[in-house]
Amino acid sequence: MKKRTVPLFRVLLLLMIYFLQGVVIGFTTAIPFYLDSRGATWQEQGTFNFVFYPFSLKLAWAPILDAIYITRFGRRKTWLIPLQFSIGITLIILSFSLITLVEQLKIKFLTCIFFFVYFLLASQDTCVDGWALTLLAKYNLQWASTCQTVGQTTGRFIGFTVLMIFESADFTNRYVRQPLELPKQTYGLFTLDQFVRYCGVTFLILALCIASLNKGKKETNPMSLSQTYLSIWKLLNKSCIRQLAFIFLTSPVGFSPTYTMTNLVLKRYGVPKETLGLLGIPLIVVKIVIPLCMTHTDRPLTWYYRSYIPRLLMGIIIAIYVCLTPYLLHQWFFYPVLIGIFLCNESLIYLMIVTRVGFFARISDPSIGGTYITLLNTLGNLGASLMASSVLYLAGWIEPDEAAYPLLVSFAFVLGCFWFTAQYKTMKQLENLPSDEWCLSPTKRESDSYLL
């Protein structure tokens, strides 16, 4: 049956919500660079990395968001609007003391605050993921992956790249104020605290817009809270789910050092943080084009495992080039070659991300949409978070400090090759399983679509 065209309004609304998520993820990802400028160690960076764990733990409370709601207010509005307001208010309050906390290296306090922000953000993500499955049920479900990837990617670009570039006083004075014949200042176009404050206000505005929308068709949830939690246990009793869990929990082992340490190592070798932000500009094209190109694929998991070995090889190439940075940094070709390498690597990263999320959307049972897709997303997020924390703590134990990055990348490459050899056949088998194998019960997968 030919899939109908997705209404533009639904796509834009999903994109906007995911975009704001991406902005928060982006500037949170930038915080380690500000901490590094203040002398934070690898272990302190590892401590701050715990802020990303709520996305790996949200399965614990996802059934509450799926099963408990106010019928009159709407299943998704019940949680989505309060969460939007809570994120906005928290960011506004945080903005008044963020710079002081960073300058004083209050790592544990910063970790607690951002952990709470990510807890709210992960809860919101659960609501939106479940809503997207039902909203797009009569259309192409790959659009759920595309909206999430494109929205969060553009948000991360604003939250990381734009922040790193225009928060820099040196860049702003040289490339903005000087051409416009404006006096030099000791700050950029905006400060870190101002950026976070603007982001908080935008969350509040979007919350008001969502609240003003019509509720649309009434949604009923056939499961109670206890039944929804029990459904997680039933899913984990399926051999296909357990196999998928193992794959996505362990797959980051091959490239975690490259993903976690590369930019921080470049900064320690003398690449300014605003330059690292500029390097993200060419990458934004890849991050948007690839998800759009993958909207019509019928075999997302195949694309996932085909990208694995090339990504391992790119990790070795990146590590070699990064280790040569002290000798090549002032050569004219250093940044063009670095951008080219990053483009290849980023293409593989986003190909794996969008196909993984697309596979999750394809197999998820809409009857517990938010909980089901949260379970699946937890597998990938938890694996990546655990590997990243382990890498950062291991790096702090390796002497000399300069040897940590190449040693960890090399070791991860070997582990990744062994992993792929062991899991290749399993991934092919999971790709070919019929959709009913992934459901709690053989029910009709298509449901009525509605707004909220």
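Numbers here mean position along the shown chain, with the first residue as 1.
Cβ coordinates are placed from backbone N, Cα and C, and glycine is handled just like the others.
Here is what TrEMBL records for this protein:
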| type | residues | note |
| --- | --- | --- |
| TRANSMEM | 12-35 | transmembrane segment |
| TRANSMEM | 50-69 | transmembrane segment |
| TRANSMEM | 81-101 | transmembrane segment |
| TRANSMEM | 113-136 | transmembrane segment |
| TRANSMEM | 195-214 | transmembrane segment |
| TRANSMEM | 235-255 | transmembrane segment |
| TRANSMEM | 275-296 | transmembrane segment |
| TRANSMEM | 308-327 | transmembrane segment |
| TRANSMEM | 333-354 | transmembrane segment |
| TRANSMEM | 375-398 | transmembrane segment |
| TRANSMEM | 404-422 | transmembrane segment |
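For the transmembrane segment (308-327), the neighbouring stretch richest in Cβ pairs under 8 Å, chosen from 81-101, 235-255, 333-354, 375-398, 404-422, is 404-422. For the transmembrane segment (81-101), the partner stretch with the most Cβ pairs below 8 Å, chosen from 12-35, 113-136, 375-398, 404-422, is 113-136. Beyond the ends of the transmembrane segment (333-354), by six or more residues, the same chain brings 145-146, 149, 153, 258-259, 275, 279, 282-283, 286-287, 290-291, 294, 300, 303-304, 307-308, 310-311, 314-315, 317-318, 321, 325 to within a C-beta distance below 8 angstroms of the stretch.
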